[in-house]
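Enquirer: First the structure, then my questions, so here it is.
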Amino acid sequence: MEEREWGARSARAGSPASPPSPRLDVSSYSFDPLLALYAPRLPPIPYPNAPCFNNVAEYESFLKGGRTGRGRARGTGEPASAGTSTGTSTGAGSSSRARRRAAPTPDPERIQRLRRLMVVKEDTDGTAGARRQGPGRSKKAPRNVLTRMPLHEGSPLGELHRCIREGVKVNVHIRTFKGLRGVCTGFLVAFDKFWNMALTDVDETYRKPVLGKAYERDSSLTLTRLFDRLKLQDSSKKEADSKSAVEDSTLSRYSQTSTWKVASVWGRGDTDRSSHRRSRSVPSSLQASAREESRSELSGRTTRTEGSSVGGTFSRATTLSRGQSRKKKRKPKVDYQQVFTRHINQIFIRGENVLLVHLAQ
């Protein structure tokens, strides 16, 4: 504050003819910038057209490049009397503010240099110029999976695009958290750079993942094991079909023999009836004796058959109850090696599950 008051007094005391103080002279070694900032009027500048820079970096770039149009010219105020010092100071302050607010004049050399550095990408058919000349903003071409697929030519993804163009079937090996899951054979429709695929008309051969304790004991699945298991299942199915056909034929034969036995029983009943009719002509005394003998024989037979039937039914009941208890104790056996096949109209396979892709033979 003392320096400020001292600078103000010295400026008021000085006459227009007297030389400026060395502390307010810009070209002097004893120049005091703080005192010049708090002075009531601007100190005289030896070069009135000197450019004004915003910071030191801008000044360094000016020294390196030699550009002269970046700065703003600042004029020097004429010395005024002590009475008109306040008016001149306010006028100089307003003019400096207006100059600071004004935009800097563009440098034509710099603009030409930037234009030379710009690279214009023109299309082969010359449509870029027509787009720029046309009114309004030009529409960008759509960018999606279908437009990016042809850009992978000359790479493994380019071979996938060739399979799409030519309609070649592909085999896609997919995996689970442990190893191989199965093989999908179908026609490729779309893909992306992450190997996500969409297929149609797919035949899948797969095995369900092994869980529980069998996961630790089970060996990793391979293609040979997968298809060998499938062949084994097909052969076992054929054997089961042949066995079922043989059983059907034996059942049909058994049904025919049972019908023949029933017919023979019916024939015996008819013969018994005819013999009964003939026995009516026999005397009553002979008929009574024959009836008593037949009754005694029938009673003996029934007692034997009842005992045997009771024992047989009891033994059968015990065996059935034991068999049922055993069946309840037994757990259903799960075949973890079973291979399944199915047909899918369309399927999406994530790229993280793809192991291998090759052409179907």
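Each residue's number is its place along the chain shown, starting with 1.
Each residue, glycine too, has its Cβ placed from N, Cα and C.
Remember, it's a predicted structure, so these values are computed and weren't measured experimentally.
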Enquirer: I'm validating the feature mapping. Which of 36-49, 344-357 is tagged region 'SM 2' in Swiss-Prot?
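Expert: In Swiss-Prot, the region 'SM 2' feature sits at 344-357.
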Enquirer: What does the DSSP secondary structure composition of the region 'SM 2' (344-357) look like, as residue counts for helix, strand and coil?
Expert: 3 helix, 10 strand, 1 coil
Enquirer: Using the alpha carbons only, what distance in Å do you get between Ser155 (phosphoserine) and Arg41 (omega-N-methylarginine) once rounded?
Expert: 75
Enquirer: Using Cα coordinates, what distance in whole Å links Arg41 (omega-N-methylarginine) and Ser21 (phosphoserine)?
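Expert: That separation, Cα to Cα, works out to 13 Å.
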Enquirer: State the non-local partners of the region 'SM 2' (344-357) in its own chain: residues 6+ outside its ends, Cβ under 8 Å from one of its Cβ atoms.
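Expert: Apart from its flanks, the region 'SM 2' (344-357) reaches 160, 170-175, 180-181, 184, 186, 189, 192, 194-204.
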Enquirer: What count of other C-beta atoms do you get within 10 angstroms of the C-beta of Arg41 (omega-N-methylarginine), across all chains shown?
Expert: 16
Enquirer: Report the mean pLDDT of the predicted model across the region 'SM 2' (344-357), rounded to a whole number.
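Expert: Residues in the region 'SM 2' (344-357) carry a mean pLDDT of 93 in this prediction.
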Enquirer: Can you tell which of the modified residues (Ser21, Ser155) has the fewest other C-beta atoms within 10 angstroms of its C-beta?
Expert: Ser155
